[in-house]
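K.L.:
Following this message is one structure expressed as structure tokens.
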């Protein structure tokens, strides 16, 4: 690896851009990096490390300090650019840390994320090629090319001499930590830990297996039950535990089997006694059951005999109902005919009444007066009496509801309960609800109190003589009422009068003929009705023309008045529009002046507010700096006090038998005790955290103050020179003037609209006046023609109206008369047909009743039962018959008869004896099952114990093998004589290589006196060995510890060690050549001769084409090393300068 160029911008102490040309510094092979304290020499090395790895060396990376320079301009970003060659490839790495930057809009700052960029120079193309912008990808690429981590780079390339001086004086544990980081031997420590983990895991498995075996032994002891069972007295993990458990299990199984044999013999004897007792109890229960059956059958036979009379009555009633079922259709037909007849006569009477009440309706023709006898109202004479009942007879029937259903209900209600009439007897059912009521409900008739009376004349009587009437009358209902007096509707009663004779008494044919005559007359009025409608239209049109004439005259007059003032109104609208346009122009000018004035006012207010905030921020910054200084002093004090008592803190973590982290001893006879005011790690870390928080607060306060100052400067520039009050008054004046101008200009649109509307109104009124004048001329001729047409129509209508006010009125009257005649004729025909159907139904009913065996229809009606009631009666008869057969069969059963002859059984005593035998059997079975279960459980647990013991055997062998390996790797085994851990063994080999490489240079620096050697001798009586480092003094021939070297000797020995370590780590990293090295401080402790020898050794490194940079304050080195890189500090930040033997070659700073 060779460095070419380093560019730093706003990094650390460098406020501007500084460039270091390593190619120029490498020309002599050895150069000096010097400068005053705090100038930034170490920051150059930090920049190299940051460019490669994105981090600075460990101590400064964790300090929480920002990489950004406090001297840098806020708009200048912090950036490091490093150009180098590694692995034959020339690369350029650019890195920017996370940093604040001013906001692009507004005031204040924002955080900008970290950025990285990697480019490669292509010699063939002569240009740079971008490779990546990912932090992770760049880090992986650099680590792969260099072959070392950041920690290795900082130790091998930057060579911090202080660390190696401490390495020489450190104990083996501290050396092991450093060497472990450099050579990455953590994998060997991981092997040690892994072996220890495997050992613990194997031990845990063995102990767990033994615990499972002991648990099985306890479970077998519980399964074996009470007895002398002593478990093996061994702990988990002890040898022989498995064999002892298996031997004990075999003895327990043998004892359990002997107990099972005894329990089985006792169970067999108990089973024999139980079977005998159970048979005796079953026989007693069976005899008792048969005796109960005989007693129950005898009781049921007696009950059936008591109910025989009811059975006979029910059977007779059912036979009567079956005979009446044949008469039901005739009854239903007669009831239907009666209802239809009543409806028809009622409708006929209503239609003739409406006809008689209509005024002006009379028959035309000579025979109209002879249609009805004097005093009659629509009743037929002798010519029509044979065709239908009279109106009076129909009215009487409707009033009394003579229906078969009503008669049947009355007859059924009068029947006594318990009678058994036969067909034609005329008696009712055996109880209410089986005959009359059911029949009435069947035909939909509600019960009535006078049903018996109406039924006496509602049904035809087969034996009654036909009297006084037409051949079609039914019974005597047409001539007599209920009480035998003459019927109110008969022909002998004087008829009601309607005021005049005429159409109300005419027959159906005569009514139909009169209807046809009226409709013919109605048809002849069609032309007259159309003429009447036209006359109305003409009158309406003439009235409309008159209204239009009056409206046009008013419109012409109004339009003339409005047009007379048009010119004056137009001039007023024009002046209003012009004034609004001038106001709009003035408002635009004021608006352009108002926006800048408002901006200046806002800037002035912001300037005043920021001035106060800046004062407060300065006070906060002062307090933050004081708090940070106090927190820093507190942390340093606590850290120093903790270091003075660190021995007590380490002693607090010691425990008996565990090795000491410092000396490795497992015995601790006199551990240190904490003294008064002891500070532990927690207190120090708390103080460090407080210090860091205080520093962060200080940095935040500084950034806040800087942001406020920048914002204040911007506000002052934007506000100009005026005060906030002056600017506020100016803005208020402009806003007032602008509001007035906008108010005046807002009327412009309304003014233009008003002018346009006025112009439209002028045009409309002018056209309206012209149109009205044109319509007046055309309207005069049209009105004269309409008046002539109307006079002709009125003459024609006068002839067609007759005595009516209008033709329509006369037509409506004729239409109404024709409708009344049509309805009266239709109802008369329907009444005649209904009377004929009723007479026919009566004859059919009498005939059906006689064929069914009944003397009269009334008897048949009383015997009718609904189907549901008949099914109920049949079900009762079938139940009685089934019950009788079952009782007879029960009493004839031989087993029942035999059991009735035996003594009464006592099943309770027999069952008690059987229960006692059952309990004894259950107890014996339980004892046998327990013994059998005990044996099965012991067999199962023993088999599981054998399986676990076999599975545990290889685990125990594996545990023994891992225990030997783990103790050997940890250095605690007796086979490891030097007590050396595995990682220490590997590091010892690396340390031996480092000592050999360092001795080659140490002999040159010490004029052949000193040689570094590795020592694996144990330290102390119980300490460990492996990482000892001694120096051999050739002058005395003695070998002594490196801690005995003087200050100057320690420097060149540590320098030799650092160079040797660099060679070994380079070889370890895959042979990556390190062409640039830095050595930090330590040369001031050498005398002149030793310094020459050290510089000769460093100068010899150029033979391998290396460049060595020395970081030092020693003034003598400036004379000895002509090529130098000087870091100069100033108030605006540090700068770098390149110097050669001839003077200053050039300044590295660029702004």
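Glycine is treated like the rest: Cβ placed from N, Cα and C.
Bear in mind that TrEMBL entries carry predicted annotations, made automatically and left uncurated.
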K.L.:
If I go by TrEMBL, the feature coiled coil sits on one of 759-789, 790-820, 821-851, 852-882. Which?
P.N.:
821-851
K.L.:
Which of these ranges is annotated coiled coil in TrEMBL: 494-531, 532-569, 570-607, 608-645?
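P.N.:
That would be 570-607, the stretch labelled coiled coil in TrEMBL.
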K.L.:
Please list, for the compositional bias 'Basic and acidic residues' (279-289), how many residues fall into helix, strand and coil according to DSSP.
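P.N.:
Residue counts for the compositional bias 'Basic and acidic residues' (279-289) by secondary structure: 11 helix, 0 strand, 0 coil.
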K.L.:
Where does the mean pLDDT land for the domain 'Rad50/SbcC-type AAA' (5-203)?
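P.N.:
Mean pLDDT, the domain 'Rad50/SbcC-type AAA' (5-203): 83.
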